[in-house]
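**Student:** Got these off Swiss-Prot a minute ago, pasting:
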type	residues	note
DOMAIN	386-485	domain 'Calx-beta 1'
CARBOHYD	N45	N-linked glycosylation site
CARBOHYD	N823	N-linked glycosylation site
SIGNAL	1-30	signal peptide
TOPO_DOM	31-73	topological domain 'Extracellular'
TOPO_DOM	95-147	topological domain 'Cytoplasmic'
TOPO_DOM	191-202	topological domain 'Cytoplasmic'
TOPO_DOM	224-230	topological domain 'Extracellular'
TOPO_DOM	252-726	topological domain 'Cytoplasmic'
TOPO_DOM	748-754	topological domain 'Extracellular'
TOPO_DOM	800-828	topological domain 'Extracellular'
TOPO_DOM	850-860	topological domain 'Cytoplasmic'
TOPO_DOM	882-903	topological domain 'Extracellular'
Amino acid sequence: MAWLRLQPLTSAFLHFGLVTFVLFLNGLRAEAGGSGDVPSTGQNNESCSGSSDCKEGVILPIWYPENPSLGDKIARVIVYFVALIYMFLGVSIIADRFMASIEVITSQEREVTIKKPNGETSTTTIRVWNETVSNLTLMALGSSAPEILLSLIEVCGHGFIAGDLGPSTIVGSAAFNMFIIIGICVYVIPDGETRKIKHLRVFFITAAWSIFAYIWLYMILAVFSPGVVQVWEGLLTLFFFPVCVLLAWVADKRLLFYKYMHKKYRTDKHRGIIIETEGDHPKGIEMDGKMMNSHFLDGNLVPLEGKEVDESRREMIRILKDLKQKHPEKDLDQLVEMANYYALSHQQKSRAFYRIQATRMMTGAGNILKKHAAEQAKKASSMSEVHTDEPEDFISKVFFDPCSYQCLENCGAVLLTVVRKGGDMSKTMYVDYKTEDGSANAGADYEFTEGTVVLKPGETQKEFSVGIIDDDIFEEDEHFFVRLSNVRIEEEQPEEGMPPAIFNSLPLPRAVLASPCVATVTILDDDHAGIFTFECDTIHVSESIGVMEVKVLRTSGARGTVIVPFRTVEGTAKGGGEDFEDTYGELEFKNDETVKTIRVKIVDEEEYERQENFFIALGEPKWMERGISALLLSPDVTDRKLTMEEEEAKRIAEMGKPVLGEHPKLEVIIEESYEFKTTVDKLIKKTNLALVVGTHSWRDQFMEAITVSAAGDEDEDESGEERLPSCFDYVMHFLTVFWKVLFACVPPTEYCHGWACFAVSILIIGMLTAIIGDLASHFGCTIGLKDSVTAVVFVAFGTSVPDTFASKAAALQDVYADASIGNVTGSNAVNVFLGIGLAWSVAAIYWALQGQEFHVSAGTLAFSVTLFTIFAFVCISVLLYRRRPHLGGELGGPRGCKLATTWLFVSLWLLYILFATLEAYCYIKGF
């Protein structure tokens, strides 16, 4: 019973080897002339036993002599078999380039304007290609290109005569995908974990079409016109492909009847199979991974693309917050790199990415994500080590620092500072200055001043003063200007003995005026207690500011001590530490003090988009003057009659008392952090997988082709550090280095947005597929296997191995099962509609133009199609049954259920291979 403990994949390979061995012995027996005890089924011996007479291939000729000895035959079988494996490796590697071009093509983005429920609009970028459409067209073509092209090349290369290799490969590949790949995906999920299909509507559509595709094949072969494919049958088969894509897109976008059906699908509760629910639904139930009615907010339609963009931003913000908590010692750049690798590793990936990853890890090209992370780290470290040594600047810059000055009217004089920066500090420099009137007038408010500032060798700054005139007249704040001009350097004389030519060749030191070369001086009146105000009525602050500082200005006077109360007032932003800390208190302005600062703590919520407001309000200022002015302004004085002198004094006191100015209330608008928003946007752009799998130049491709890298898993660590290559990596690299270097000549994916790489790659895949078809046919005829059996067993297996590893990786790494098994059904349907539909349409049209019919043998293919359709019904039914609550999803679940499902699917595949082989050799009767 020890064999029961073998893993399903190992068991599948074991059975595969046994079947191959039996078929090989059968071929040798047939070649040796043994008649055997083959039951009579009404078919001739050649049809039942297969033929050892090899035919000319599309590219490869026949290997002569045609009837070799047993030893030579075994040698030829080994050569053909090894050549097949090597060609399969080559196809996998060029398919890697092909899928990279598809990833780049489907990652193209365009700008859209999204209208929010509140009427605001925002511009963002979304992908041009719909995910469902790309999966059923380019992605399916990329993963199934060898099968599709083999069918087309076989028909066209053999004079438009139907062959068994192409169609049987498509059906055999569909069986391998449906049973073996899904079985492996079910098993590899850790015990107790599950994976569900997210886009269930799309899965229903593609599953239905995949079943219909093979039913349709049977109807063409055995019902409508047995043994003949007419033109309308071929064209209609091909036409089903865009119809399938269109219906899947309608289901994904919820168009037509989906738009009016706020439903989910559900079978009877008593049967327990909860697929989706219909009718009324509780709040928060998901359909296809999206909230029900989530696209209707306040009666307005919000595009689903906008919601997906917002979801991406929220996920990126969550990653940044988590990493910041785990690694508080890291700076922002380090956190960005870590978040980039984490997001790339954990985001939902396309089928193309998993196919590329599987091929590269299998051929010693390494883990794409780890290589990308290592390259980014090296690039960052090299950038930090670059020090640009700028040549010495011979130009000296002269300017005011600072450029704005304030002084009280009674200060006497104001000092201004001139600064020299750069150039030759050993020279003496001169710069002229002159005052200019603004609202303040020379002679009345300040003293007109002009002169020259001398900066001696080694001096970097110099001060000069301008006199301020004081008066007892109450007036507004006034200002004037001071302008620099005519900067020059003292002329230098040549040293004794220095030739004039050498002296004249030396660079002359230069000096220029730099901004700011004009200073503004504001004179504050000191004959008034002051007008208290904010600088403006609205201020925008970033949520990451921490503690914001707001200035309260005292203008039009600064006499006496004044207390100004203040407090924060809630708006849409809430206090109490939710959005900001409640702040209140009093500002005490001393005599001649003109500026005070209010500090308010802002809570950083790290939101991508934020706009909330609160207010800071100033109360009535209180004059702390204890003279006659304060006495006359007190409420007690109003009870008695004032004398003429007191009335005049009170009028003057009223004019000079402190009051609130133009902006007594400040609105503070809290916005998202620009740096944080930019970081999130940058991360979203950097986490585009097209940047990881794509190439930018031929140099990059050749360097990658000759480099050995470690294959490791993404789950090993979060740092993204590369490991050293293993022995297996080196072996696979040297086995495939010829293909890698050859296919490095394919145009990089950056050219023509990936289309150049797409076109060249598909041409190369077609050439290699033609060779594979010839090798497979010659391999089969050498050992006496029929083309239909060779296709179902060998060719289908060889073309599906990369997809197997890709689906396994997708099942383990993705949250949902769409990338691992959701694309299997769609790919199977596309194989029939494109692979068989295109080939048969071309052949049917060709023979129709010749006035003849296109004949296709219905027997073996019709039997295989019928058998696969029955088994596919069983497989899909089991997958839907696994959505019961106690199992939870198509993949994973309890260990016993996993094993049972996997064994069932593997057994279905083995039965399919067995029955198809027995029917081909007439051991059982087909159609």
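Quick reminder: no glycine exception, Cβ is built from N, Cα and C everywhere.
Explain the structural surroundings of these features, please.
**Tutor:** Counting every protein chain shown, the number of other Cβ atoms lying within 10 Å of the Cβ of N823 (N-linked glycosylation site) is 27.
When pLDDT values are averaged over the topological domain 'Extracellular' (31-73), the model yields 63.
Taken residue by residue, the topological domain 'Cytoplasmic' (95-147) breaks down under DSSP into 29 helix, 14 strand, 10 coil.
For the topological domain 'Cytoplasmic' (191-202), residue counts in helix, strand and coil come to 3 helix, 3 strand, 6 coil, using DSSP.
Sequence-distant contacts of the topological domain 'Extracellular' (224-230) (same chain, six or more residues past either end, CB-CB distance under 8 Å): 162, 840, 843-844, 853-858.
Taken residue by residue, the topological domain 'Extracellular' (748-754) breaks down under DSSP into 4 helix, 0 strand, 3 coil.
Outside the topological domain 'Extracellular' (800-828) by six or more residues, the chain places 88, 92, 95, 135-136, 139-140, 143-144, 173-174, 176-178, 180-182, 184-185, 188-189, 195-199, 202-203, 206-207, 209-210, 213, 244, 248, 289, 345-346, 348-351, 354-355, 357-359, 361-362, 714-715, 876, 879, 889-891 with a CB less than 8 A from a CB of the stretch.
Residues 160, 162, 164, 168, 221-222, 226-230, 234, 786, 788, 840, 843-844, 916, 919-920, 926-927 of the same chain, all 6+ positions outside the topological domain 'Cytoplasmic' (850-860), place their C-beta atoms under 8 angstroms from a C-beta of that stretch.
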**Student:** Using a Cβ cut-off of under 8 Å, list the residues of the same chain at least 6 residues beyond the topological domain 'Extracellular' (748-754) that approach it.
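**Tutor:** That would be 97, 100-105, 108, 690, 693-698, 700-701.
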